[in-house]
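Taking it in order: structure first as structure tokens, then the write-up.
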Amino acid sequence: MTYKITSLAGDGIGPEIMTSGLQVLEAVAKKYNHTFEIESHPFGGAGIDVAQDPIPSSTLKACRDADAILLGAIGGPKWDNAPKRPEDGLLALRKALGLFANIRPIQVPSSITHLSPLKKEIVENTDFVVVRELTGGLYFGEPKYWDNEAAVDSLTYTRAEIERIIEKAFEIAATRNKKVTSVDKANVLASSKLWRKIADEVASRHPDITLEHLYVDAAAMLMIQRPTTFDVIVTENLFGDILSDEASVITGSLGMLPSASHAENGPSLYEPIHGSAPDIANQNIANPMSMISSVSMMLRQSFSLFEEADAIDAATARTMQAGFLTADLGGNTSTTDFTNEVLKQIEGGE
């Protein structure tokens, strides 16, 4: 079968790690007899450089026409004073494709507990997913303005927006340990009161899945104290932005974690959670694991190629266990050497 993928390498270390991800995809295609048609397009700062737009029209069309989208990283000080910033392109892409659900898996296998800033006994075997609503809340609410005397942001959520993200969380929980933690601030916010009510309604349709409610401050605390108690966390845009970044540092490095953004219909977007790291760009020292894991996530969630995704995950695990660690993990393995070992493991793996 042929799968059509749009590649958005972006800025900073994005092109380097995208090269790694596409090499892994090529190895999978060869081993399992698949065809992946890859179209590469400028995005973010690269889009500004070639078209004065972080998401050129040709890039957006390619994304709409794809079966899935891979994104490297965007941004950098070069575009700080540009009329349009690279990050504007990502917001526009999310809106254009209707990407409403961001999925961020957080895993700390026993082999990497020493990298975590938390004690081994706290983080060992941590395995949960943060499901963040992407299209509503304070980031998109109107009216929105500020001047020297006052500023206004608007927090608005509709029933439909809340219900679909909570249903997505329950859908994911059904494939895991059947527990959903809904995070809100229902003791203060009107939107959270509606959020909690709808969460209860959705839970009533899934009697085999446990629902618990936590205020966002309590959730932030428990994520550090007892991260292994979570299975699937679902929350609104602002809370999800903060909590997912907090969760990410539990592993010890942002360089290992992928994420996915899903629409109700159409292509999904897969990307590392880290930034463009312009300070280490073009030095062959960036950790490509999060990009490689994003490829695995794409194969699993967009194409249902579970065996192929498992092969990538096993290959990256064996690579790390063999001592191939990049600088962010305390080693000195280069981007290309890490990637080459993963390719070797895929080709020679079971």
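Cβ coordinates are placed from backbone N, Cα and C, and glycine is handled just like the others.
Computed from a predicted structure; not experimentally measured.
Pulled from Swiss-Prot, these are the features on record:
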- 76-87, 275-287: NAD(+) binding site (BINDING)
- R94, R104, R132, D217: substrate binding site (BINDING)
- Y139: site 'Important for catalysis' (SITE)
- K185: site 'Important for catalysis' (SITE)
- D217, D241, D245: Mg(2+) binding site (BINDING)
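Recorded features from Swiss-Prot, shown on the structure.
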residue	record	DSSP class
G76	NAD(+) binding site	coil
K84	NAD(+) binding site	coil
R104	substrate binding site	strand
R132	substrate binding site	strand
D217	substrate binding site	helix
D241	Mg(2+) binding site	helix
D279	NAD(+) binding site	helix
N287	NAD(+) binding site	coil
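Listed binding-site residues: G76, G275; maximum Cβ neighbour count within 10 Å falls on G76.
Considering other CB atoms within 10 Å as the measure, the emptiest surroundings among the binding-site residues D80, D217, D241, D245 are those of D80.
Considering only the recorded positions K84, R94, R132, K185, the Cβ with the fewest other Cβ atoms within 10 Å is that of K84. Look at the binding-site residues Q283, N287 and count other Cβ atoms within 10 Å of each Cβ; Q283 has the fewest. Listed binding-site residues near R132 (substrate binding site): D241 (candidates D80, K84, D241, D245, D279, Q283; Cα-Cα distance within 10 Å). Reduced to three states, the DSSP call for R94 (substrate binding site) is helix. Counting only the Cα atoms, the space from K84 (NAD(+) binding site) to D245 (Mg(2+) binding site) is about 25 angstrom. Set side by side, the recorded positions R104, Y139, D279 differ in how many other CB atoms lie within 10 angstroms of their CB, and the most is found at R104. Across the annotated binding residues for substrate (R94, R104, R132, D217), the two most widely spaced Cα atoms sit 28 Å apart.
Geometry remark: D245 (Mg(2+) binding site) versus G76 (NAD(+) binding site), CA distance 19 Å. Taking the centroid of the Cβ atoms of D217, D241, D245 as the Mg(2+) site, the other same-chain residues with Cβ within 8 Å of it are V216, A220, L238, F239, G240, I242, L243, S244, E246. For R94 (substrate binding site), none of the binding-site residues have C-alpha atoms inside a 10 Å radius of its own C-alpha, out of D241, Q283, N287.
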